[in-house]
Amino acid sequence: MQSFAICCIITVVWMVAGYSLAFSTGSPYLGDLSKAMLSGIGAHISKGADIGFTLGEGSANATVMTVPESVFMMFQMTFAIITPALIAGAFAERMKFSALCVFTILWSLVVYAPIAHWVWSPLGWVAGLGAVDFAGGTVVHINAGVAGLVCALVMGKRRGYGQDDLSPFNLTYAVVGASLLWVGWFGFNAGSAVGANGRAGMAMATTQIATAAAGLGWMVAEWIRTGKPTVLGIISGAVAGLVAITPAAGFVLPGGALILGLIAGVVCYWSATSLKHMLGYDDSLDAFGVHGIGGIVGALLTGLLAYGPLSATDANPSGVVGSVAQLVTQAKAVGITIVWCALATFVLLKIVDLAIGLRVTQDQEVEGLDMVLHGERID
């Protein structure tokens with residue numbers, strides 16, 4: 001229910017104002033409302049045919065796109081939808097549905113849209129620093145992971161956490177979900193090349209390799225530590241690899257993807273197990289441990305492993321080349337995303353809590369939110 005509602009809410013918010021705030025001209029910090037209600041998105045249509053458009057038209061850094069703006073808008077909408085849906089996994093079984101709906105609207109406008117503008121708009125000030133993010137390591141995963149951590153800290157632990165058995169109850173569903181993610185992720189990463197070209201092909205290859213490597217990395221780390229590799233572990237590792245390769249997919253070669261995936265699998269295993277218990281927070285689906293930490297690992301390693309010719313253009317013949325300097329630039333983007341997301345998310349949660357309350361009662365939590373809030377349950 002929560003994920004489906006988020007999909008519907010963000011679709012409308014993106015149409016009304018989100019897309020405009022993220023990708024219209026405006027300033028380096030936020031777009032304006034010139035594309036509100038998708039104004040002008042059909043300006044290039046003639047006799048049923050649409051052509052490419054210019055992103056950031058009229059600015060010094062305008063980028064000529066090879067796809068119609070309607071296609072670009074819809075593609076970006078999918079990122080805007082998935083990001084708050086990822087956050088919801090961190091506070092599962094605790095937040096009121098009404099609070100979720102209000103928070104989702106506010107967060108998408110105050111946190112997601114500005115960061116998308118900073119990183120992906122030709123005018124964005126983070127992009128102006130030289131930071132790169134191919135398909136959402138900072139905009140989607142660090143953003144969602146940090147927001148999830150803040151939500152988990154503000155809302156507190158689930159009733160019975162650390163005492164009752166709260167382990168996943170249906171591993172079959174988990175494997176099916178992870179498999180769908182793996183296949184669907186090719187659309188996110190290869191699609192971010194915005195064309196059927198060699199870069200899209202390389203993004204598919206690096207996505208596959210990093211995902212497999214991360215699954216193995218997590219599995220081996222778990223095997224060494226506990227003596228038993230688990231299906232939950234290997235699929236969690238695969239998701240960590242998908243997350244980590246997201247910012248790097250169109251910038252690294254297969255060898256770099258292998259290294260990145262192995263590191264991400266091991267680091268995310270540590271963060272989702274040891275770090276989580278060290279800090280004592282209850283992140284139900286490890287939004288921070290997998291998406292937040294995985295996004296950080298991927299964003300930073302992009303700075304070291306980037307292969308210039310993959311991103312070379314006429315304006316930048318050398319492309320983005322891995323170096324210590326690029327690593328520092330990537331670290332700045334990571335830090336900026338963490339700080340803004342954490343502060344803004346905390347403030348929004350407090351506002352929603354004061355207005356309508358965030359958390360369900362203990363009795364409601366025990367009975368189950370499906371039954372209490374929606375009058376239905378899955379048997």
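Cβ atoms here come from the backbone N, Cα and C positions, even for glycine.
A TrEMBL annotation is a machine prediction, not a hand-curated record.
Feature annotation from TrEMBL assigns domain 'Ammonium transporter AmtB-like' to 1-376.
For 71-92 (among others), the entry in TrEMBL reads transmembrane segment.
The annotation transmembrane segment is assigned in TrEMBL to 99-120 (among others).
If you look up TrEMBL, you'll see 132-156 (among others) marked as transmembrane segment.
Taken from TrEMBL, the feature transmembrane segment covers 168-188 (among others).
Sequence-distant neighbours of the transmembrane segment (200-219) (same chain, 6+ residues past either end, Cβ-Cβ under 8 Å): 134-135, 182, 185-186, 189-193, 229, 233-238, 240-242, 244-245, 248-250, 252-254, 256-266, 268-269, 310. Positions annotated as transmembrane segment by TrEMBL: 200-219 (among others).
Residues 132-138, 140-141, 168, 171, 174-175, 178, 181-182, 185, 188-190, 192-193, 199-200, 202-203, 206-207, 210-219, 222, 257, 260-261, 263-265, 268-269, 272, 286, 290-291, 293-295, 297-299, 301-302, 305-307, 310-311, 320 of the same chain sit 6 or more residues outside the transmembrane segment (231-251) yet have a Cβ under 8 Å from a Cβ within it. Residues or ranges marked as transmembrane segment in TrEMBL: 231-251 (among others).
Summarising the annotation, TrEMBL assigns transmembrane segment to 257-275 (among others).
Beyond the transmembrane segment (287-307), the same-chain residues lying 6 or more positions past its ends with a Cβ under 8 Å from any Cβ of the stretch are 86-87, 89-90, 132-134, 137-138, 140-149, 152, 236, 239-241, 243-248, 251-253, 256, 259-260, 263-264, 267-268, 271-273, 275-276, 281, 319-324, 326-331, 333-334. According to TrEMBL, the transmembrane segment annotation covers 287-307 (among others).
With a threshold of 8 Å between CB atoms, the same-chain residues lying at least 6 positions outside the transmembrane segment (327-349) that come near it are 103, 106-107, 110-111, 114-115, 118-119, 126, 129-133, 138-139, 142-143, 146-147, 149-151, 154-155, 296, 299-300, 302-304, 358. Marked as transmembrane segment by TrEMBL: 327-349 (among others).
Proximity of distant same-chain residues to the transmembrane segment (99-120), defined by a Cβ-Cβ separation under 8 Å and at least 6 residues beyond the stretch ends, is recorded for 2, 5-6, 9-10, 13-14, 17-18, 21-23, 26, 28-31, 76, 79-80, 83-84, 87-88, 126-127, 131, 133, 138-139, 143, 147, 333, 336-337, 340-341, 344-345, 348-349, 351-353, 355-359.
Residues belonging to the domain 'Ammonium transporter AmtB-like' (1-376) score a mean pLDDT of 94 in the model.
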